[in-house]
Each structure stands twice: as C-alpha cells, then as structure tokens.
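Visitor: Got a structure here, written out as structure tokens. Questions coming.
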Amino acid sequence: MIGRRFLRDGEHLVRVFSSTTTSSPKPGRIPTFLRESGGSNGPSSWLLVQEPVASLCADGRFQDAVEVLFRRRGSVGDAVGLLDVVDRLHQASPQVYPYLFQLCLRHGAVDDAGRVFRHAVASGFQPDVLVSNRLIAMFSKSGRHDDARSVFDRMSERDACSWNTMISGYAKRGGMAESRQLFDLMPRGMRDGFSWSSVMSGYIRHGQPAEALRLYREMQMDGRSVGNKFTVSSALAASAAVLSLRFGKEIHGHVIRGELASDAVLWSALSDMYAKCGAIAEARHIFECSPNRDVVSWSAMIGRYFDAGRSDEGMRLFSDMLRSGVRPNEFTFAGILNVCSERTMEALGKQVHGHMARIDWDPFSFAAGALIDMYSKCGNISSASKVFESMPQPDLVSWTSLISGLAQNGYPMEALRYFDSLLSSGTKPDHITFVGVLSACTHAGLVDKGLEIFWSIEKDHALAHTSDHYACVVDLLSRAGRFAEAEEIISRMPMKPDKFLWASLLGGCRIHGNIRLARQAAEALFRLEPENAATYVTLANIYATAGLWDEVAWTRRLMEAKGVVKKPGSSWIEIERKAHRFLVGDDSHPRINEIHAQLEKLSAKMKEEGYIPDTQFVLHDVEEEQKEQNLTYHSEKLAVAFGIIATPPPAAIKVFKNLRICGDCHTAIKFISRISQREIIVRDSSRFHHFKDGSCTCGDYW
C-alpha cells in the first residue's frame, strides 16, 4: 500500500511517496524543506521526489539520484528538476551537471539541456570539451544557434571539433558572415578538410559560388592545408555554378596530379562540372574513364544529356546501360520521366514506360508518380489514369499528380472525385494536393465548392494556408467576377500577395473588363517583376477591349521605356519526333504554301457553319479586314493546319503554345475539330484544351 504526503517549502511543492516495501531513510537525513510544510505562496513549479532520492541528494550522490528519478519517472524533465533540490540544499552542484548533461544528450532533450547549461553557467561550472562539443552539435541541429554559440564562447579550451561544429552550423543555416568570421579566427593549425569544405559548401548552397572559389584559392596557397575529395567537390560545384570551365579544368589537373584520381565521387563531380559548363563531350569522356560506373553514375550521365537538350543521345546511353547489365533504379526512371514532363516529350516517355514494363518495375516506387505526372503534362490523361489504377497502393505524390493532371486537362469533376477517394483512403493531403484541387474548382467555375475546400485546409486538415492557396482562391473568385470577395481575402492574408496572386487577379479583370482592379494588379506586378512583358500585354489587351486606345499607347510606351520586349507567340507540334515551330504570320516552314491553303479551305467551311472572327483579340487599331487577316495566321492555327496535313486521320493532333490561347483561336479550333473530325489538343501556358466534335473540355471557361 502506497501512501502520499504533500510537502511545501516556499515556492516548491514536493510530493513524497513512501512504500512499505522500500526502507525509508531516517527523518533526520531528509532535508527540512522536504519534511516540513509551510509557506503561504502558491507553487510555481512541481518536483516529484521519492524518499530514497531525497536521501541520495542529502548524501551528495547526485548521479544515483538522477538515475533513480529517470528510471522511475521516465522523464528527462523530472530528472533535471533535481537542480531545484540542489539549490535548496545549498550544496556544491558541479557533481550533478555531468550526469544531467549526459542524460539530456542521450535522449535529445534540447530544452532541458539548455536549462542545465544556464544553471551551470550561473554556478560557474564549465563542461569538458567532449560534452561541450556534443551540446554545440545538438543545439545547432535543433536551430538553437544562440545557445550553441553561448556554449562555444564559454569554453576555456577548444579543439578542432568545437570550431568545425560551429562553423558548419552557421554555414548550413545561411549565416555565412558568422561562419567565415569563425573560420578566420580558427587557429590555422587546427583547420582540416572539414573546416574548408564546410565554408565552401555553405557559400555554394547560399548563392555565393565565387566566394567558394576564392576560398579554394586561399586553401591552395596555405601550405599546411591539403584538399580532400569534399573540398575539391565543392570547388567543382562552384566552378559549375559560375560556368567557369577554365577553373574547372584547373581543378581537374589538381585531381590528376594528386592522390584523389581513384575517387568515384570526384569523377562524378568532374563530369557534372563539364556538363553544366556546356562541355558535354568532356563530361562523357570523364564518365567513360570513371573507375566505378554504377547505377548512380549511369543515371547522372543520362540526366546530363537530357539537361543539355540532347535527348536522343541520352536514350542511346540508357540503352547502353541496359546492355551493360546495370539495372536502372527508380531514380533513373524518375529522372528521365521528369525531363519528359518538363519538355512534353511523350514519345520518349512512352519508350521509358516500355523499358519499365520489360524489367518488371516496382509499382510501389516513386517512379510511378513520375510516370503519371509525365502523361498528365503531355495531355494523355487516359494513360495517366491507367497507370494510377494499376498501382496497388498509390502514394500521395501519385494521388496529387493525377488530381492536378485531371484539373489541368479539363476534367475538374473527375479531379474532385479522386480527391474524395484520397480522403477516404486515409491518405493525408498536403498543400500541393490542395493547389491541384483548388485549380480544378477554378477551371470548372465551382466557386462555392472551391471556397469550402479553401477554408477546410486549416479547419479540417490542420494545414496552414500558403501563398499558392491564396493565389488559387483569388483566381477562382476573380474569374467568376466576384471581385469584392477577392479583395476581402487579399486584405486578410497573413503574408504579402505575390506575383502569382496579382497575375490571377489581372487575368480575372481581363475576362470581366474590371479596369480599376486591373490597374491595381498591374502596378503591383510592375513593382514585383518589371521585366515581365505578360503584364503589359494583358493590361494593353484590357484597355483595347474597352476601346481605350490612348491607354494602350501609354502601356506600349512604358514597355519601351523599361526595355521590356514582348515574347512572340509561338506554337509547336511534334511529328515523328521532330518539333515544327511556328510564329504568328510565319512563312519559313518548307510546307507553308500547303499550310496556308489548308487554312483558307478550313476558313471557308468555318464561315459557312457560322464562325465569325473575333477581332477584339487584335490589339492594333487597324481596319477590320486587316484584323481578320492577322487572326487567320496565329501560330496555333498554323500548327493545327500543319498537323492535319502531316498526320493521317483519325490520329489526334497535339499542339503546344508558349502563351495563353486567344479567344478567337479557341473558337476557331472548336470549328476545325468538327470539320476535320479530329481530336485536337492544345496546351497553352495555363492548361490543356481538348477539342472534339466542336467542343472543348474547358467548357469555354479558362
């Protein structure tokens, strides 16, 4: 049977347990403040002490007291509370600190370690070098850099580990001024490869590669410092960042002359440097000479070809890899598929998918998510859905890729259905998932549903709203013409509106002709990204639609004054793995006469079926007949016409455009899809449009 006594002494309330199975110390051995109650003040802190612990403290056996408390309570905080007993006993406390520090370090109790350290400082106790170094490391990793520096500054003796841990901690968080200051103060005899590489990699990580190269030069001039694979790798990364092939070749010479020529990490860094500096042939030579070509080095070299825009050579090297007996892993596949996604190279992505199928790839791997993303971004949402449905247990990346893909391809209701399935599966969505779902609501004009999902992010899913979420909901409201609500949400944002939000608002103003808000959004964008021509063009478009030609002229003069050049609209189509690019009014294509003839033929049939050119999309104040002529030769129409004459029916025609498709072209391509009996897919800068039988999946709402 266990009995309880509550004892109070001043500000401390102590609960003392007694047990019939544990021999209790004599009352005289327990401090008075533990045996007597008294005082009228309420307790400000709690301390649990069992009678054996009190006795151990009275005898100065602090290590035993710490061990008993921690073993019985399982809380580092309770054990650290022993410091209150030490204070009350007025005994020399240095005996207790080593044990408490070890306990905090062993269990990663950062806050408790800070409390012990502050108590130790007040009592004049200094931990030894080993404990101090471990405290510095723990505080640095936990982001408690001030505490780490406090430990460092109070050390009476420091070793290389003390300096390196502090230098590295500052460098990792971006405190390069503090990191370099400590590095310069560090005794030169203590500097080692870790010291130099910590500062160099910090400079590179935080956008100062030139400083990293200057430090490497300093290291070379320092007779006592010898570079290792980490410092040399950092120097090579810095050379690649500043595109200094000359410096990179110089470092290559150091590698060959030194004792590092057999290191696989350095060979990879050398190859990477040459590739990023545009010397892909030298990068391949380094790869071929590498002593250890494993799956990582193969995958990296394949990626370098794709990054250099030489996809055919990248695929040939991928085939060489398969023939060599080196089995690709999920990183190999995901890397190639990500490039295919970025460059909309569906044919190449299909080849990779075929390779994956032949080697019996793991459907649980994250390469599956990359495959879904590739098909979605190439406009093949059917294949993306098939890959997803074949996965036994989709991960969040796969769910998000499909939901976003469905939204971007004009299937918002399907995107919302999959979102409901995601929630039912128990998978927790993240902020990227919600961007995809809100985008689906935006493209479908589901304003109330979108607002419901937006508010649920914090309320139901305990996630903080991001600037992307706000940009989506402003896009949602402004497209629907609900500008008062959009302004209200902008005014209540916890962060400053970014360029994406203002661009969304400007896009809504273009749809509804809201001149006042368009000016406000454009002015904000002029401040945030004054070099972006899209803002000036959209504002001029809004003015032109309203017939405000003086304002159109003013906008153009502003562009000229700031040296902003409008990006020419271009469209391209891939036929037999060759890209054919068109500009407005382009006559450089070898089959341009056939293209123009096809457009004239289509134009005549379209007008018979009721098509009327929408000349408001021509900004120049010219005659209507000239405006119609300008519209006829927009780049997307040229690309579609070429697709019709260059591919046999019923093959789908897939066109890509660098800018947003104009309203007239959107209407015209709907007519063309019905007349030609062809599915036409156009991906503009905003989304995919799937035209079929005279209609578009966007529902004319984009």
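All positions are counted from 1 along the displayed chain.
Cβ atoms here come from the backbone N, Cα and C positions, even for glycine.
Straight out of TrEMBL:
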{"type": "REPEAT", "residues": "93-127", "note": "repeat 'PPR'"}
{"type": "REPEAT", "residues": "128-158", "note": "repeat 'PPR'"}
{"type": "REPEAT", "residues": "159-189", "note": "repeat 'PPR'"}
{"type": "REPEAT", "residues": "192-226", "note": "repeat 'PPR'"}
{"type": "REPEAT", "residues": "294-328", "note": "repeat 'PPR'"}
{"type": "REPEAT", "residues": "395-429", "note": "repeat 'PPR'"}
{"type": "DOMAIN", "residues": "610-702", "note": "domain 'DYW'"}
Visitor: DSSP says what for the domain 'DYW' (610-702): how many helix, strand, coil residues?
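Guide: Reading the DSSP string over the domain 'DYW' (610-702) gives 38 helix, 16 strand, 39 coil.
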Visitor: On the 0 to 100 scale, where does the mean pLDDT of the repeat 'PPR' (128-158) fall?
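Guide: Mean pLDDT, the repeat 'PPR' (128-158): 92.
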Visitor: Go through the chain and flag residues at least 6 beyond the ends of the repeat 'PPR' (192-226) whose CB is under 8 A from any CB in it; none is fine as an answer.
Guide: 160, 163-164, 167-168, 170-172, 174, 176, 179-180, 183, 186, 233-235, 237-239, 241-242, 244, 247, 251, 254
Visitor: Residues sitting near the repeat 'PPR' (395-429): Cβ under 8 Å, six or more positions beyond its termini, same chain?
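Guide: Distant contacts of the repeat 'PPR' (395-429): 364, 366, 368-369, 372-373, 375-377, 379, 381, 384-385, 388, 435-437, 439-441, 443-444, 446, 449, 461, 687-690, 696-699.
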Visitor: If we skip the immediate neighbours and take only residues 6+ beyond the ends of the repeat 'PPR' (159-189), which ones have a Cβ under 8 Å from one of its Cβ atoms?
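Guide: 129, 132-133, 136-137, 140-141, 143, 145, 148-149, 152, 195, 198-199, 201-203, 205-206, 208, 211, 222, 224.
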Visitor: I'd like the per-state residue tally for the repeat 'PPR' (192-226) from DSSP, helix first, then strand, then coil.
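Guide: Computed counts for the repeat 'PPR' (192-226) are 26 helix, 0 strand, 9 coil.
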